[in-house]
Each structure stands twice: as C-alpha cells, then as structure tokens.
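Trainee: Taken from Swiss-Prot, the feature N-linked glycosylation site applies to Asn87, Asn296, Asn316, Asn355, Asn372, Asn432, Asn484, Asn491, Asn531. Look at Swiss-Prot and you will find 1-19 tagged as signal peptide. Annotated topological domain 'Extracellular' per Swiss-Prot: 20-570, 628-642, 704-731, 786-789, in sequence order. Feature annotation from Swiss-Prot assigns topological domain 'Cytoplasmic' to 592-606, 664-682, 753-764, 811-843. Under the heading transmembrane segment, Swiss-Prot lists 571-591, 607-627, 643-663, 683-703, 732-752, 765-785, 790-810, citing sequence analysis as support.
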Amino acid sequence: MGPQARTLCLLSLLLHVLPKPGKLVENSDFHLAGDYLLGGLFTLHANVKSISHLSYLQVPKCNEFTMKVLGYNLMQAMRFAVEEINNCSSLLPGVLLGYEMVDVCYLSNNIHPGLYFLAQDDDLLPILKDYSQYMPHVVAVIGPDNSESAITVSNILSHFLIPQITYSAISDKLRDKRHFPSMLRTVPSATHHIEAMVQLMVHFQWNWIVVLVSDDDYGRENSHLLSQRLTKTSDICIAFQEVLPIPESSQVMRSEEQRQLDNILDKLRRTSARVVVVFSPELSLYSFFHEVLRWNFTGFVWIASESWAIDPVLHNLTELRHTGTFLGVTIQRVSIPGFSQFRVRRDKPGYPVPNTTNLRTTCNQDCDACLNTTKSFNNILILSGERVVYSVYSAVYAVAHALHRLLGCNRVRCTKQKVYPWQLLREIWHVNFTLLGNRLFFDQQGDMPMLLDIIQWQWDLSQNPFQSIASYSPTSKRLTYINNVSWYTPNNTVPVSMCSKSCQPGQMKKSVGLHPCCFECLDCMPGTYLNRSADEFNCLSCPGSMWSYKNDITCFQRRPTFLEWHEVPTIVVAILAALGFFSTLAILFIFWRHFQTPMVRSAGGPMCFLMLVPLLLAFGMVPVYVGPPTVFSCFCRQAFFTVCFSICLSCITVRSFQIVCVFKMARRLPSAYSFWMRYHGPYVFVAFITAIKVALVVGNMLATTINPIGRTDPDDPNIMILSCHPNYRNGLLFNTSMDLLLSVLGFSFAYMGKELPTNYNEAKFITLSMTFSFTSSISLCTFMSVHDGVLVTIMDLLVTVLNFLAIGLGYFGPKCYMILFYPERNTSAYFNSMIQGYTMRKS
C-alpha cells in the first residue's frame, strides 16, 4: 500500500470515527445552498494551543471559548461576497454560489472540517485509483486564517487538488508548490512583511531592538526570517530575543509561566533598546500586555506582526497608549461599499434550496453571541478600514471569476456542468481582474501581490484607530509615503533605539562586544577616508595621487608641484644656462678658428671639441628640468647630464695626466710614453671612463625605472611632488661619487704640474674647475641627504649648470682670453721659448 493510499484510509477512518453533530438550520450564517459550494474556515472562537484536546479523539466545542470578533467579521465578508456575486448579472449569471463555513477554533478544529469538505453527501470518502472525476462536497475552500491551520488543511486538500485560498496565512512554507500545489493566498508572504518591518526600522534609524516570539511555529518561523534578513545588513541588531509563555485556555498563568514572563519584563526594563518587535498570535498577548501595564512601561515602540496589528480587543486596552507607540504591518485598506451594514444585519430568509445539494451537518456551526459582540465593536471595525476583509472578499471573487471562465459564461447565462476541483484550480491560477480599483492576479508562488500598510494605533475617538503611516509594495520591495506619525514621546520626537549613537562623517566604527551595532567611533587620520557604503569599520587609504584631511569621507587630488618657468630659482638657473650655452658656443667658434695655433693644441687640440660639444648639448638640455617630469626628461636627468659631465671630467683628467707625462715621465719611461701615444691613450681613457659611466647609468635605470612618479611632500601632505623615480636620488649620489673621484684625480695631476712652463701650467685653472666641481658635488650630496621635494630638483639643476660653467669658463675661458687679447703669445716661437726656459731651470 502506497503513502497516498494509507493517507486516504486514515482520512476515511477519521471521518467515520469523529462524532456527528446535531441538526443544522437550513440557511444559517454558516450555510447557504447553491449550485456550487465554497468551503469557509474561520476562527470565531479563540483557544490557544494546548495538548489537552489532543489526548483523545474528540472535536472541541469552540463555543466554549472566547469569541473572536475579527474571525466573525471575516466570515461575514465571505457571506457578503457570495451574496453580492449571486446578485450580480455579469458574473456567473444564472448560477447560485453556496457556502459551508466552519469555526476552526483557531488551531483546535482543522482535520474534521477538511474531511467534511472532502466527503460526499453520504459522509463517505471512497478510496479510488483516480480522483480526477471525484466531486467533493465543495469546489474550493477559503481559509483558514493562520499558517499552522492552513498547512494542516492543505496537507489534506492537496491530495485532491481542491483549490484553497487563504486570506491571512503568510508562512513562506506555503510558497513551495511541490508540497502545496493547490494552495493560494490573497496576502503577501512573510518575507514581505519582514522586509516592510526592516525598512521601517532603517528609516527611523532604530538599530537596537528586542524580539519577542510565541512558542509556536508562527513565532519561530517569523523570528527566523527576521534574523536571516538582518544578517544581510549590519544596520540592525537584536539586543535579546525571548519566547513568550502561552497560557492555557483559561488565560490564567501557572507560576512557572509567570516567572518566565517576569524575567522577560525585567530584561526589557533594563535594556537600552526601545523598539520591541512581537511575533505572536493575539491570543498569547492579552496576558503579556496586562503585565506590561502592571510594570508601568513607557516610551517603547511596539511593532506588531500582522497577526495582532489590527486586533480590536487588544486595542480596546486603552491604557496601552501610556506604554509608547504601537506600529504594525497589515494588508492595505480597501473600503467595501455596503459591508459595514451587512455585518450587523439580521439574517433574512435565504435563497431557495436548489436540488443539486443536500443539507448536511458539521460541528462548530453556531455562534449565538457573534452578532451582538460584533455590533459592540462595529465602530472600530468600520474605522479600521476593513483591511483583512478585502483579502477574504477578493478570494471569493477569484473563485467566482475562475468558475465564470470554466462554465463558459456569457452576459446572460452559464453552462452548468460538473466542476472538478483540479479544473477550477487551473482557472484560478490564471485569473486577472479588477476589483474595487485593484488589479488582482496570482504570481508564480500563488501569492496575490497586494500592498502592505504600516499602521499606527490611535485612541482618539475621532480618528482611525489603525492609521496608515506608510505603504510597502511587494513588487518594488520599497517602503514609501512615511508620514503622519504621532509619537507618544515628549515634544512628539522620534524615539531613539540605538546601542551606539551614529558616528560623525569620517569616523569609522570599532566594534564593542559581539553586536556590530555596538561600537565606538574613531577618527579617520589624514591620508585615509571612510566609505560607509563599502566598509564602515575601516578607514581606507587614499590613492597615491590623492590626499585627505582628518575625518574626510572622500579624497581629493593633491596639488602637483614641480619646477615652473615663472619661479625665481628657475629664472636664475635659466639665465646661467643661457650664459653657459652662448659662452660655450663662442668658445667652440674661437677654438675652431684658431685650431692650428699652439694655444689650442696645448689645451688638448681635438679633445677640446670632445669637451665642448657635450657642454653645449648639456646647456641646451637644461629645460628638461622644468615642467612636469616625463620619461624623456627623467632619462636626461639620470643619464644624459651625468655622462656629459663625466666626459668633460675625464678629458680634463687625462689632459692633466698627459702634460705631466710629457715633462716629467717621458725621459724616465720613454717606452711607456711611446706606448701611450702610439695607441691613443687619452682617447682610450676617455672612452673607458665613459663606458663605465654608461654601464652604471644603465644598471641604475634597469634596477629602478625612468618613469616619473608623484611623491608626498613630507612637509605638506597636500602637495604631491612630481619627480623621477625615488631611487633616482640614490643613483645620482652614486654617479656623483664617481665624478668626485675624477675631480680628485684631475686636481692631483694638475697639482703635480704646477712647476711646468707657464703656457702648459694649467694647475690653477684645473684646480679651480675641479675644486668647484668637488665642492658643489659634496654640497649636493649633503643637501639631498637632508631635504626632499622640489628643492632637490632645483639644487640638482643648479649644481649641474654651475659644474658645466666651471669647466667651460674656468678651463677654456683663460685660453680664449689669451687667444683674443694676447695673440703674440699664441705663437710657436713663444711656446718654444717657454719650454727652453723650463729646461734650463731644471738642468
């Protein structure tokens, strides 16, 4: 025997074992005969869940419990909708809808009504191989009102694909159409209710809340959904969560339950949270709120789930206004014309009983006090806007529109025929109609995307007791139109419920304890900023080209700094460079015109041009130091100038060495001198030194880079120094060290030749040039070790220009002076006489 067969056998057994009720009045509030019957499940009497009635096989008598006004109000909505449809000529013309409605007594009476709706007129549920041709007592079921009951009934009806439309069961479990294929509902799911609550709390910046839940599936599921939703954001934290004790049907708490409730209230009094979210059926809250009043709580915000958000009995506890502000999530308000009068109307003789149905009886179809009790609450029901009533009303109309299509109705008549539940279910899934200005249809999960309202409880008799303050759309998932909130606080200020006050802009959060909502605020330091949308707990560093001040929320571009033409140091250096360029050009021209003279040959002859050309190029390339650095300018700074300078120094050094060799070493080492001259020793030496310098420069560039970068000014972080690679300074120091060595060598050789003939005695000129070069290089190295920034660039440029000027004017200047102003000394005879005089002095 398969699982489905075993289920059917059990259902048949229960149908026969459960007691038979008494006689039914023909056309009562619970029954209306018709061509097609709808089943209705409503809670007319309230009984909290206890295990006492489950210990024996007996249906409880619901009229022994407290009457529930809202349940009767919803049942009247179904009766009103059926009567309205039967009186409508355009919807189901010629067809009378009937109903069978049962009081499910909240959670106590679900199985028996389900079996009653399944069975045929003989109270039998046959076991068949195929139920596609089976016609149960009703074609569809409206209700019940809570998720536990809806799931229980759906587990029975789904086997037969009987359409079941619930009007207030919001459990997300019902969205699973594999387990509940025939379940639909005219309210949004619990996920949307939770989202509306969360957006409400975020809007008012309540991030420190208390959650109280009932000890049943409703409380557990909704609190779990809330916790899941809050894990997606750190904006809201739960200070603590407690389970409310559920009293027995007598509403009298046992001592253990009283202690549990006292502990909860004590924690609530001591917590800094002022927002309390309550997920519980209204039945469990009467005792709780009486205790809240006894403890004299004030200043709280109570957020109600849909189960008690518009409960008139709780609202009737007018002293609750002193405990704080009551907000709740419920279905949108839609006024139904004529329903308020119908609700309190005495029943009139019903429609004639068609031959297609027979009168049957079931239990819990009496409520003697319902009408009178409802009349006493009629005013508050009218002012509340008949919120959930519209969900029942639209559910009946959804069945009617589906039946209208299934029967092939036109404007005047319908084709009455057998209607099987699975056929009607298929049509219900595809209904799409307008009812009282609202477009109604079912989505893929079987939910009708109705709007939700955020309501506030009011106790002013002239106002709506459940005033709408905001609206939530399940389609857009957004909360809109938040207004008209009357806070029960001094000066009508928004209550504050925060574990920690919000940080100021530019302050990061540092968690304190386990909750992300509890934190201390720390300032973001200069150079960092806070991007709250990305990370509220860490200050982010600004990119290299940007900066920020203390407590900034964004970075700004640093002010770039580099040598510019309008600056005084740049102008001074440019004048010196121009002087060097034109003087070198003049020297080059003079030496070219007097190339064959003894003065030019004694200065080095062709080697002079090897010095003058790099000097001229170096002076011409000085502008690369000015303006934003580029790859080319960095290359020139790191390579071109130092190579040119090394060529000049090596030429001077080898020239000094060669003069000393001629006069002092040629006689002692004639073969060495002959070898030196035969193989062009001076040029080999210059080439060798140049090759070493090029190798050093290339190695330095390969080890670093020649790409310009921006660096922070150590004195002002707001300034970004645009310069070459930072290791450029290290390379410059290394290159300068080699130039210092050449300067020392040149100076040494020049000093050794201080006694040479006057025309060949260049010691004082070379000493001047080398000493200046040595001093300036030492000064540059010292300056670079102490300072940074644009000053280094200025100093580097100034030293470079002065070094070249020292060579150009210090070495070549005196020779040009002699050539131009003392031509008589620029003759071979004069030079020979000077050599003879030197020889005679030495001999």
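Including glycine, each Cβ sits where the backbone N, Cα and C put it.
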Trainee: Can you tell which of the glycosylation sites Asn87, Asn316, Asn484, Asn491 lies nearest to Asn432 (N-linked glycosylation site) in space, using Cα positions?
Mentor: Asn87
Trainee: According to DSSP, does Asn491 (N-linked glycosylation site) sit in a helix, a strand, or coil?
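Mentor: For Asn491 (N-linked glycosylation site) - judged by DSSP and reduced to three states - the answer is helix.
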Trainee: Please report how many Å separate the Cα atom of Asn531 (N-linked glycosylation site) from that of Asn296 (N-linked glycosylation site), as a whole number.
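Mentor: Spelling it out, the Cα of Asn531 (N-linked glycosylation site) and the Cα of Asn296 (N-linked glycosylation site) are 43 Å apart.
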Trainee: Consider the glycosylation sites Asn87, Asn484, Asn491 and say which one has the Cα lying nearest the Cα of Asn296 (N-linked glycosylation site).
Mentor: Asn491
Trainee: Report, as numbers and ranges, every residue of the chain located at least six residues beyond the topological domain 'Cytoplasmic' (592-606) whose Cβ falls under 8 Å of a Cβ in that stretch; write 'none' if there are none.
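Mentor: Residues packing against the topological domain 'Cytoplasmic' (592-606) from afar: 651, 655, 759-760, 811-812, 815, 818-819, 825-828, 830-831.
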Trainee: Using all protein chains in view, find how many other C-beta atoms are within 10 Å of the C-beta of Asn296 (N-linked glycosylation site).
Mentor: 9
Trainee: Mind checking which residues reach the topological domain 'Extracellular' (628-642)? Cβ under 8 Å, same chain, six or more beyond either end.
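Mentor: Answer is 560, 562, 617-618, 621, 693-694, 697-698, 700-701, 706-708, 722-725, 728, 731-732, 735, 739, 796, 800.
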Trainee: Compute the average pLDDT of the predicted model within the topological domain 'Extracellular' (704-731).
Mentor: 71
Trainee: Which of the listed glycosylation sites (Asn316, Asn484) has the least company, meaning the fewest other Cβ atoms within 10 Å of its Cβ?
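Mentor: It is Asn484 that, of the glycosylation sites Asn316, Asn484, has the fewest other Cβ atoms within 10 Å.
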Trainee: Determine, to the nearest whole angstrom, how far the Cα atom of Asn316 (N-linked glycosylation site) is from the Cα atom of Asn484 (N-linked glycosylation site).
Mentor: 22
